[in-house]
Amino acid sequence: MKKIDLLQAPFVQEMIETTTNLYRLGWDERNGGNISYLLQEEELAPFLDLTKVIREIPMIFDASALAGRYFIVTGSGKYFKNVAKAPDNCLGIVRIKPDGKTLEVLWGLSEDGLPTSELPSHFMSHIERLKIDPEHRIVMHNHATHLLAMTFTHELTERALTRTLWQMCTECLVVFPEGVGIIPWIVPGTNEIGEATATKMQDFRLVVWPHHGIYGAGKDMDEVFGLIETAEKAAEVYTYVMAQGGVKQTITDQQLHALAKGFGVTPREGYLA
Ligand code: 2HA
Ligand code: ZN
């Protein structure tokens, strides 16, 4: 059967729009940032012959929990700035083989490109999020500027950082009532950082990488982008607040409790007095 041009596929358009927006926001300089997006076979079938494997790529960790699954991913070393003009070079569609240690490239990653160097963090996070949320589909990493800056100036505990973000914009508690997770500083691209990130993903959809950036997870592009953008906005407000001389008044814990009640969310246990 004749296939439709893959560049018309909604998920390709979403990858292009999102990477372009992230570049414009200044959160993905050079090759910074990466996205992986779980796709269903039915979504791909109108566009791709799924029996045609272009090449195979070995992986250094076990992703057998994702065997047979399809992802569209950003490419290693690719610039978000360039995705719109060269999608088949900057993006790729891959399937995980039954052994869990090999990727089959079905589209893109032209010129022998590789998937994002942060694949261990992405795949391990997908595995953990899927256990909690069957609708989960997307993992996104970027270098959101003000959040990154706060990892130098703010107390680096999950409770303290979460509380500050909740206080900076009223909607934060509603958007991420579970708070933000934080891992230690670890060399990027390693299995170790992948394991640390995925462990945090059992409790949080937002995970801060100190002095590096942020990870977000969720069921669709708007949700994940919105999550990171909301936390980043709070971090930006915090930056202005500190530049203006610091906090003189804030949203009280009592008000945050009232907010949670009004919006039907449950703040992480022990984070509010
Ligand atoms: O892909 O952002 O963390 C480049 C990075 C690595
Ligand atoms: Zn990064």
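Keep in mind that glycine also has a Cβ here, set from the backbone N, Cα and C atoms.
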Record-annotated Zn(2+) site (TrEMBL): member among His212, His257 besides His141, His143: His212
DSSP three-state assignment for His141 (Zn(2+) binding site): strand
Distant-in-sequence Cβ neighbours of Glu118 (active site), under 8 Å, six or more positions away: Asn34, His141, Pro188, Gly189, Ile193, Gly194
Most crowded position, judged by CB atoms within 10 A, among His141, His143, His212 as binding-site residues: His141
